Amino acid sequence: MGPEALSSLLLLLLVASGDADMKGHFDPAKCRYALGMQDRTIPDSDISASSSWSDSTAARHSRLESSDGDGAWCPAGSVFPKEEEYLQVDLQRLHLVALVGTQGRHAGGLGKEFSRSYRLRYSRDGRRWMGWKDRWGQEVISGNEDPEGVVLKDLGPPMVARLVRFYPRADRVMSVCLRVELYGCLWRDGLLSYTAPVGQTMYLSEAVYLNDSTYDGHTVGGLQYGGLGQLADGVVGLDDFRKSQELRVWPGYDYVGWSNHSFSSGYVEMEFEFDRLRAFQAMQVHCNNMHTLGARLPGGVECRFRRGPAMAWEGEPMRHNLGGNLGDPRARAVSVPLGGRVARFLQCRFLFAGPWLLFSEISFISDVVNNSSPALGGTFPPAPWWPPGPPPTNFSSLELEPRGQQPVAKAEGSPTAILIGCLVAIILLLLLIIALMLWRLHWRRLLSKAERRVLEEELTVHLSVPGDTILINNRPGPREPPPYQEPRPRGNPPHSAPCVPNGSALLLSNPAYRLLLATYARPPRGPGPPTPAWAKPTNTQAYSGDYMEPEKPGAPLLPPPPQNSVPHYAEADIVTLQGVTGGNTYAVPALPPGAVGDGPPRVDFPRSRLRFKEKLGEGQFGEVHLCEVDSPQDLVSLDFPLNVRKGHPLLVAVKILRPDATKNARNDFLKEVKIMSRLKDPNIIRLLGVCVQDDPLCMITDYMENGDLNQFLSAHQLEDKAAEGAPGDGQAAQGPTISYPMLLHVAAQIASGMRYLATLNFVHRDLATRNCLVGENFTIKIADFGMSRNLYAGDYYRVQGRAVLPIRWMAWECILMGKFTTASDVWAFGVTLWEVLMLCRAQPFGQLTDEQVIENAGEFFRDQGRQVYLSRPPACPQGLYELMLRCWSRESEQRPPFSQLHRFLAEDALNTV
């Protein structure tokens, strides 16, 4: 029997057994061999770095368990705060890297440098670099705790790479050194990337997210291209697609799926790019067939082939109709014979045979054509061509090269280790709860005996971060001391303020101010006095990007100070969760029962009319989706005018609460529904309806066709360039233009919407151009989900990695005192107006670091004339800039109300030109 006959027989056997297992599928658990740093298989010439402290700490000394030179690679520059120093390893060929090991500089006891955490970046072609992230989107990897020990970290998901860079991190200016090893195996299947439509969400009793969450390519217009993801990670899905082999992931994680209703063509088209010409024998696709929930095997597959990116598809496509036991609900691998066709690009169409197609892995059985020139060799190929059509897929069989070694054992994640870790965590949590209860009881006993003394002068400081919160309340004449108030030190008279030298010292002694600066290693400017005994940490209002409604009269938290003319706003309920569908911390206002229930009754929206377009943002317990509603005029429930032309869909934003949300999160979500139902203004997004009869809970609000104002303005040029240096000077008029009067019209609409919120005593707390939507004819509506979008993560300051605050838009009293009022919204409006006149070309205080912005808030508190203001935009007349400066007045009473701002922008602003 000749070789060709043997090959044909093998292919027939493979196709016949295709429904059982993935025969060509690799097991990532066995792909854990050391790749050559420690045993010097990787030569010194393939190890490089951004810099090194000296030749004795050069990159070649970064081998794990090696003591060459001074014992490790040490960068010349600081890794704090920019994190730009890196160590690079060139593997020369594509590898699947499943594990990394790190070590510090021990040098026989003379060294003490190591890196407590690091990031990874990798490349397959030397030009495009991707940052590695775990399955939950975290980039930072915990490193070493001492200079000698080796720490192994599993990479879940693994990465397919030729070049890998280690970026050490530090939380302060310090020396770091690193030794490393990579573990994995050669990536022999040759798949460089696959292109596919973005996976969708299936709504059953719970939401099943069938997206390719680890895809490392590009996503544009509902298409993923130029990367690899879950279809090539080696994880084969279970029979029940709602379950997963991975721990702590969402339902549907193992599968990427598409709904038949979203594809009028009746098929899903994918494209695969390989490193060189190959003769393809078969393709294996692991599919789900849980037909009781709508998942079906493909009805057939059609594949086309070509040898280069600019060439035409060759010959007739290979067609294969799938048979077998379609009634068996078990997941299976489907083998598609490819007849030995030679190509570097494949385009395959998978025909729908039911409501859903669900794939977990795609792999190919192929042989390299000997006369082909590799696309990845010692030198890098020309820039890859990314096809405009549907996605290529990556599924590979790996040939393991053990080099006489045994695979490295798993560093973490075994069931026994996880169980022990959980038990230890539970025990520690119980001990912590008991300790807190005893501590609280102890202080309550002390406070019950404390003198009820008060100050004549009020000082209130709130830092709006759950768990990192300061509350200092000193009110004249309270009937009883505030909760958890420490006894006043002896020697202070009961009705005299503590001896404070000046405002600067008072600020430096302010625990809230010190806490905001705690993440920086800069010493204080002066020795402030000891922290007063009455400065006691406690929890207060949590910050969110949503609206805050003041407490109704009748149950004030504390008596308002007599000298304060600004209406007193109640503290919000403490909600220790990172937002429901958006902001990292979310506060639901403390309202009497039924206080928000006086709006119109909520309207049940037909869930079936929503057609998903893209995900706008997400929070800990929910997401914000952009959807379309076809023929909205047919929905009688939408009883207010909708400016949608007949035959055109209506764009809506859908806030979705995940089924696994806590009870508190569900209550907060329903309370937000009630609050949103009260908002009826042409410049505020409106609640169109809700889906609360079953999970997932949804609220539907209107959305604007031109997206958010920040992106909209940044794509425009200023039409009138008479003002010297106006945004757009020196640039070719390539994009659309906008006039100065139209900018004023935009700002006037924002002021109008905020004027309406002020009449309800609502406080937005995150007013910015990213939270304004643009519709037809420059119609503006104020929204509230900008904080949930990763696009604007750089606009928010993280306090100890948890809460996020838009400090560049916040009034000084918000940053230092957590005091959010309509007057603080006026401050944010001034910054928003500055953004509008700058055409969103620059971030406010872009020349200042976050620390310096906080210090500038302190200068407003001290009021010694050293505070910094935003500069006048080039296109802004002096009269309008003076209005901005009034918005940034130190005293909140001196800031203009929104009614005055609206009147000026709508009627008088053009006269200031």
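Just so you know, glycine gets a Cβ as well, placed from its N, Cα and C.
On a predicted model such as this, the values are computed, not experimentally measured, just so you know.
Checking Ser414, Ser631 against Swiss-Prot for the annotation phosphoserine singles out Ser631. What Swiss-Prot records as phosphotyrosine, among Tyr183, Tyr203, Tyr756, Tyr792, is residue Tyr792.
Residues Leu616, Gly617, Glu618, Gly619, Gln620, Phe621, Gly622, Glu623, Val624 are recorded by Swiss-Prot as ATP binders, and the candidate that the same record lists for that site, out of Lys655, Lys663, is Lys655. Swiss-Prot marks one residue of Tyr586, Tyr703, Tyr797 with the annotation phosphotyrosine, and that residue is Tyr797. Candidates Asn211, Asn371 were compared with Swiss-Prot; the annotation N-linked glycosylation site appears at Asn211. Within the set Cys287, Cys348, Swiss-Prot assigns Cys348 as the partner of Cys303, by disulphide bond. Close to the recorded Ca(2+) 1 site, the chain also has Gly199, Tyr209, Leu210, Asp212, Ser213, Gly252, Asp254, Val256, Gly257, Ser360: residues not among Asn211, Gln230, Tyr253, Tyr255 whose Cβ is within 8 Å of the site's Cβ mean position.
In the structure shown, the C-beta of Gln230 has more C-beta neighbours within 10 angstroms than that of any other entry among the recorded positions Gln230, Asn260, Asn370.
The DSSP secondary structure for Gln230 (Ca(2+) 1 binding site) is helix. Taking a C-beta cut-off of under 8 angstroms and a sequence separation of 6 or more, Tyr253 (Ca(2+) 1 binding site) has the following same-chain neighbours: Arg135, Tyr209, Ser213, Gln230, Ser244, Glu246. In the three-state DSSP classification, Asn211 (Ca(2+) 1 binding site) falls within coil. For the pair Asn260 (N-linked glycosylation site) and Asn211 (Ca(2+) 1 binding site), the C-alpha distance works out to 15 angstrom.
Over the domain 'Protein kinase' (610-905) the predicted model carries a mean pLDDT of 86. Look at Tyr253 (Ca(2+) 1 binding site): DSSP puts it in coil.
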